[in-house]
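The structure appears below as structure tokens.
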Amino acid sequence: MIPVVVAQAPTPPAATAVGSVGLNIAIFLVFVAVTLFFVYRASRTNKTASDYYAAGRAFTGPQNGVAIAGDYLSAASFLGIAGAIALNGYDGFLYSIGFLVAWLVALLLVAEFLRNTGKFTMGDVLAFRMRQRPVRAAAATSTLVVSFFYLLAQMAGAGGLIALLLQIPTSNQLGQGVVIAVVGILMIVYVLVGGMKGTTYVQIIKAVLLIIGAAVMTAWVLGAFGFDLSALLGSAAENSPRGEAVLAPGLQYTNPIDFVSLGLALVLGTAGLPHILMRFYTVPSAKEARRSVVWAIWLIGLFYLFTLVLGYGAAALLPEGTITSATQNSAAPLLAYQLGGELLLGIISAVAFATILAVVAGLTITASASFAHDVYANVIKHGQATPDSEVRVARTTALVIGVVAIAGGIIANGQNIAFLVALAFAVAASANLPTILYSLFWKKFNTTGALFSIYGGLGICIALIIFSPAVSGKPISPATGRSASMIQGVDFHWFPLDNPGLVSIPASFLLGIIGTYIGGRRPAEEGKFAEMEVRAITGAGSEKATAH
Amino acid sequence: MSSTGERSTATVYEQVQASPEFNELRSRLRRFIFPMSAAFLVWYLAYVLLASYAPGFMAIKVFGNINVGLIIGLLQFVTTFVITTVYVRFANKHIDPAAEKLRERIEGAE
């Protein structure tokens with residue numbers, strides 16, 4: 001280890017007993033106060049369905065791009081990736097590359113066409129030329145499933161952060177549960193009062209804080225090594241219990257096929273995540289949707305470069321043995337403490353906490369919009385619901401989802417964040433992306449094909465997850481005395497891979513084709529394709545921004 | 001798309017879809033996005049396969065502690081940024097003006 005890199009030498013952080021609780025809470029409350037102010041201001045123009053779901057389509061591309069980065073740079077990518085790099089080195093970096101490259105699918109194949117052909121939800125695009133009710137029901141089902149997995153992943157990360165921020169140890173289930181409930185209620189307030197506009201402001205503020213915080217820490221770490229990346233890597237390898245192996249792939253993913261499967265799910269999942277897709281409706285045109293993605297790609301790419309430095313920085317600068325599989329999600333906050341003491345720890349933990357809050361708010365608004373717009377207005381009311389009643393249903397749904405998020409968060413507390421997010425990506429890539437691509441580009445695609453690819457992709461994906469070693473049957477680790485699987489003590493797995501993507505994604509593409517041929521020719525649906533294609537490319541007839 | 005008045009405009013969309021201008025625009029767009037998507041997916045999968053099946057190759061040090069794996073990984077960032085920039089230039093120059101002309105034609109007919 002480099003002898004003197006930090007001026008003050010704090011006591012070795014014991015994961016739960018560093019920093020000042022008062023300061024942490026104060027910084028977090030400032031964030032809450034500022035965001036609540038914006039949410040309240042946004043509420044004054046929160047009248048129509050278009051306001052509530054799509055912020056009146058009035059955000060600019062750059063604003064929306066920052067908000068997308070805020071939505072996407074979840075607790076899993078910040079805490080999870082930095083921690084994975086600190087613990088397993090190179091294999092953590094592999095995650096971030098999949099998460100970034102995935103944006104090219106959204107940029108080239110999805111964002112603009114989706115903006116031009118839909119109104120509020122993914123179901124709008126899929127149902128454009130299909131039979132409305134079955135396809136919207138299917139789209140809403142997969143939206144709710146993906147959002148639920150993603151939501152659990154975010155809430156699962158809350159426990160470790162609470163331990164760090166408020167010094168309530170993870171063993172204190174009641175104390176942690178109360179904090180998770182408070183966070184959940186705050187999130188519900190954001191969504192109900194601010195709608196999409198308020199939620200977007202929360203994302204923007206959070207993204208700016210997160211990226212600035214990570215940039216400062218990155219510069220600090222690099223500065224400690226004379227801006228020599230090679231020296232940083234050397235020190236990380238020297239200080240890590242696993243030595244040189246942290247610089248090369250192979251520590252975390254011992255089964256190569258498993259990593260290929262994960263890699264496929266990551267790169268194809270992003271453009272099927274409902275809460276990301278919905279963000280493209282908050283801008284006035286396809287051109288602004290394109291600008292949003294460009295901004296998002298630059299910000300997300302830069303951020304992942306920062307996490308590479310932060311992860312190796314934590315491995316190099318924290319006392320040897322600090323980062324274990326139990327504390328890996330705290331690598332970034334612990335590094336902040338090591339570098340800048342209580343103040344930087346307070347800022348970074350508050351930002352990480354805000355991240356959970358903001359991402360869960362985004363997921364909640366998406367899931368509630370999908371239920372109200374696709375299921376209530378179109379499936380139950382046959383498209384005859386008044387916009388007012390639709391928004392009322394959306395708000396009620398948001399309340400229900402908020403309660404589910406709180407309960408789920410308390411149950412999922414302590415599960416591996418990155419793993420849960422990877423499952424959400426697998427479901428999105430299996431159920432949503434094939435259906436979206438076929439709808440946009442394949443004339444013959446029909447209702448039967450859409451139902452096959454959504455329900456088939458979803459069903460296969462979930463079944464393979466249930467019977468995977470991720471859920472049951474991994475050997476008991478001698479270090480922790482626990483199996484790395486989700487359920488202890490039983491073994492009902494028969495599928496060999498942790499991530500189902502390698503099987504479920506091609507299966508869903510294939511099912512879309514099979515269903516389409518079973519469904520036969522539907523001239524009415526094919527006729528509608530002319531309109532969809534022309535609108536997708538030219539933007540004619542697309543939803544306009546509402547003026548305030 | 002839910003209002004009843006749009007049935008009559010379906011013919012406008014069909015007319016535009018059959019027009020040479022639209023076909024030219026669509027094929028120009030597809031000639032860019034499909035090969036580019038195939039290219040970045042192949043390049044990404046090659047990277048994933050190398051990391052999975054050739055960790056020894058990825059561990060070869062090129063200079064200092066910087067190894068092949070880190071360089072290829074960082075190149076994935078570079079290609080993502082480059083493709084993004086190239087696409088925006090392409091779309092601004094070759095897609096937007098033609099799309100706008102067609103859009104005006106359709107919305108004028110409505």
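Glycine is treated like the rest: Cβ placed from N, Cα and C.
Pulled from TrEMBL, these are the features on record:
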TRANSMEM  A:20-40  transmembrane segment
TRANSMEM  A:66-87  transmembrane segment
TRANSMEM  A:93-114  transmembrane segment
TRANSMEM  A:135-168  transmembrane segment
TRANSMEM  A:174-195  transmembrane segment
TRANSMEM  A:207-227  transmembrane segment
TRANSMEM  A:259-281  transmembrane segment
TRANSMEM  A:293-315  transmembrane segment
TRANSMEM  A:393-411  transmembrane segment
TRANSMEM  A:417-438  transmembrane segment
TRANSMEM  A:450-471  transmembrane segment
TRANSMEM  A:501-519  transmembrane segment
Non-local residues, at least 6 beyond the ends, that sit with Cβ under 8 Å of the transmembrane segment (A:207-227): 2, 5-6, 31, 66-67, 69-70, 73, 78, 235, 299, 302-303, 305-307, 309-310, 313, 316-317, 332, 335-336, 339-340, 344, 347-348, 351-352, 354-355
Stretch in A:135-168, A:174-195, A:293-315, A:417-438 most in contact with the transmembrane segment (A:259-281), if contact is a CB pair under 8 A: A:417-438
Leading stretch by Cβ pairs under 8 Å, where the reference is the transmembrane segment (A:174-195) and the options are A:20-40, A:93-114, A:135-168, A:417-438: A:135-168
The transmembrane segment (A:66-87) in contact with the transmembrane segment (A:417-438), cutoff 8 A, at least 3 CB pairs, sep 6+: yes
Stretch among A:93-114, A:293-315, A:417-438, A:450-471 sharing the most Cβ pairs under 8 Å with the transmembrane segment (A:135-168): A:417-438
Which of A:93-114, A:293-315, A:417-438 contacts the transmembrane segment (A:450-471) most, counting Cβ pairs under 8 Å: A:417-438
